Amino acid sequence: MPTTALTGIGQLVTNDPALGEGPLGLRRDAAIVFEDGVVAWVGDSAHVPATDTAHDLDGRAVLPGFVESHSHLVFAGDRAEEFAARMSGRPYGAGGIRTTIEATRAATDEQLGANVRRLLDESLRAGSTTVECKSGYGQSVEHELRSVRVAGRYTDEVTLLAAHVPPPEYAGRVDDYVAMACAEMIPRCAPHAKWIDVFCEQGAFDRDQAHAVLTAGIAHGLVPRVHGNQLHRGPGVQLAVEVGAASVDHVTYIDDADIEALAHSDTVATLLPGADFCTRNSYPDARALLDAGVTVALGADCNPGTSYTTSLPFCIALAVRELRMTPDEAVWAATAGGARALRRGDVGVLTPGARADALALDAPSHLHLAYRPGVPLISRVWREGTLAYATN
């Protein structure tokens, strides 16, 4: 098989302490070899084995490709006017998730697919090489089915967000919607998805309703995820731990009992600071979670209403500035942490046998991601060993 070497790496983030310094497994003056889509060798530039091709990175930092474990990409339209109203403190009665449900239902499959492809290309340019993609803007059997099918054209990490908000036709009949989702939607959509998700929050679905949807998904072979504790202290975190969810996302309003439950579970706390930034919400207490030993991931939460960004570098900068994470913690959370949230061991790391997903910065160190917010530092991206994006 053809082999490719990246040499002259000023700083290599492996995320394997056995390969370098600290939790990020940092190596200096390093090299890495890709073969047949995976990492074949990691070591010093001075000792790199012979390869078919080699690229000198001239002192740039190299990291694992970012792992985006939370995105809502299957939608139509935008909510820019709603955003402007929110920022100016004006009421905007036409806004909300239901606006996007209406636009998404009206769009063709081709239009939805083009939007997913556009946003995935944007994510790639920002360094994301693995992207989870949710449905959730259909909220009917027909429209959720086509949403997961559209998502499945572009990613293996498809989530059926079967309970986002009750659609207009189920106003005042949330239990009826849940019964429909469990009896009809989930059985039809499960063959096209990997994950089942719910929005467990006041104004959306309560604990019992969310539990019913998650257990129905589990019965059809889907692995649970939970949107929880975004707007209020509620049952989302405890429910996620109870059902063995891979991740509970947002976790903005939590207490000591929630932190303790997460610390004694395999459920990852996925923080989405872009949503808090764009809504002027409080930020989650990342420091308390990390200090308690909770596994933390970072996601961009790309969606048209509350976080219309695909940039994990931006979220890393927010995490360091607003969530009081260290630069090392934030980079780990956006790479290995995201992989943990997707229960993946082959991405988010640059170790022999891992998938050859990597990015190079126009900077000598990963610290520059938080140090230089808003600067487009991603200069090259490799996916499965193939150069997928380059600035020049």
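Cβ from N, Cα, C; glycine included.
Its own atom aside, the Cβ of H70 (Zn(2+) binding site) has 31 Cβ atoms within 10 angstroms in the protein chains shown. The annotation Zn(2+) binding site is assigned in Swiss-Prot to H70, H72, H227, D301 on the grounds of sequence analysis.
Summarising the annotation, Swiss-Prot assigns Fe(3+) binding site to H70, H72, H227, D301.
Annotation comment: Swiss-Prot describes R79, Y137, H164, Q230, T306 as 4-imidazolone-5-propanoate binding site. Sequence-distant neighbours of Q230 (4-imidazolone-5-propanoate binding site) (same chain, six or more apart, CB under 8 Å from its CB) are E201, G236, H250, V251, T252, Y253, A275, N281, listed in sequence order. DSSP assigns Q230 (4-imidazolone-5-propanoate binding site) to coil in the three-state reduction, outside any helix or strand.
Summarising the annotation, Swiss-Prot assigns N-formimidoyl-L-glutamate binding site to Y137, N303, G305 and lists sequence analysis as the type of evidence. Under the three-state DSSP scheme, N303 (N-formimidoyl-L-glutamate binding site) falls in the strand class. In sequence order, S71, H72, F75, A275 constitute the residues six or more apart from N303 (N-formimidoyl-L-glutamate binding site) in its chain with CB-CB distances below 8 Å.
Largest CA to CA distance in the N-formimidoyl-L-glutamate binding set (Y137, N303, G305): 11 Å, whole number.
Each residue in H72, F75, R79, I97, T100, G136, P304, T306 lies on the same chain as Y137, N303, G305 and has a C-beta within 8 Å of the C-beta centroid of that N-formimidoyl-L-glutamate site, without being one of the site residues. A Cβ within 8 Å of the Cβ centre of H70, H72, H227, D301, the residues given for Zn(2+), is found for these other residues of the same chain: S71, K134, D249, H250, L272, A275, G299, C302, N303, S307. The binding-site residues in question are H164, G305, and the one with the fewest Cβ neighbours inside 10 Å is G305. Cα-Cα distance from R79 (4-imidazolone-5-propanoate binding site) to H227 (Zn(2+) binding site): 21 Å (rounded to the nearest whole number).
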